[in-house]
Amino acid sequence: MSTVIQHIETLLVDLPTIRPHKLSMTTMACQTMVIVRMRHSDGIEGLGEGTTIGGLAYGPESPESIKRNIDTYLAPLLIGQPSHNVHQLRARLNRHARGNMIAKSALETALLDAQGKRLGLSIADLLGGAHQQHLPVLWTLASGDTAKDIDEALLRLEQRRHCDFKLKIGANPLDQDVRHVAAIKEALGDRASVRVDVNQAWDESTAVRGIQALQDAGIELIEQPIPAREHAGLVRLANRFNVPMLADEAVQDARDGLDLVCSGFNGAFALKIAKSGGIHGVLELAHVAQAAGIGLYGGTLLEGTIGTAAALHAWATLPEMAWGTEMFGPLLLKDDIVVEPLNYTEFGVELPQGPGLGITLDEDKLAHYSRK
Ligand code: MUC
Ligand code: MG
């Protein structure tokens, strides 16, 4: 008899951050992850994670909606189904449930983790094999204080942990943000690449002024300066400046990617498994980008170790990530719920080894941080 999906448990896990993390739409002091434990009839358990930023501040899914929608709608579509055919299960979820991409991503990770454990293969191997075992990882400076951010960057450089930095701006008046970014770039000089993420906070005319000043200050990449749906505006900005635009919220999946490419966008795409409903969806977007000559960036929604590991397996299968990755989520958290944390070393992170995700839960920590 073939193996079937028997039980799906979801847990809300709250982990404090090492410092306040300030974005244009929210300040985080804690990260809430939805952890999926999917049990199969052969006794194998697959793990997944669905995580967003700041409740409903970042996007239309909150941790609570991810959990509730998995429990109520998505899990019943999977229970009793054969475990092994991830493509069919993905299609089933997409046929019966719209949206909910983060929830679907968490479930797909759990399916792939279980299948990898079953076959004795890592997720990267299941996907055809890894091009790389070590991926570069950027750090986000977002304490809200210029001097603190400079100290943090210098420490990370000295530790050889990060040499690329992204600054979260857009919450303050433009001139203040530009002074903040320029001071950090000046302090770091050629030792580090400095990029900004505006998280949709500007209108187009503010963006024109802001990007000009940031380009003059030596900033290397401008992420999502204007609202996600303003594709035409993003294309205009990309064509107007030498400094490249990175589409993040504007590009959820392959269809968005194709639309941007066909509209003449010539910047780069931030990939996130959560935006695209999982590993297969995000790789579809990556392939559109590759065909169009668009540079890639491995993005995060500040997932913990399980979600970060899932993304690393996907990024490892890509021949090139022109802009590296920002898979630092676990480092922003004070503690972890896994036995062995990811190995951050030499300005990057090692791809976890072992079957599936290559990650084992720490049951005591999980129980401690799970919401009662
Ligand atoms: C985003 O929009 O890129 C990534 C790094 C970070 O600090 O926030 C996220 C979200
Ligand atoms: Mg972003």
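All residue numbers here begin at 1 and follow the chain in the order shown.
Backbone N, Cα and C atoms are what each Cβ position is placed from, and that goes for glycine too.
Automated prediction, rather than curation, is the source of TrEMBL annotations.
What you see is a predicted model, and the numbers here were worked out from it, not measured in a lab.
Annotated features in TrEMBL:
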ACT_SITE  LYS168  active site, proton acceptor
ACT_SITE  GLU326  active site, proton donor
DOMAIN    147-244  domain 'Mandelate racemase/muconate lactonizing enzyme C-terminal'
Cα-Cα distance linking the residue listed as 'active site, proton acceptor' and GLU326 (active site, proton donor), given in Å to the nearest integer: 13
C-beta crowding around GLU326 (active site, proton donor), within 10 angstroms: 26
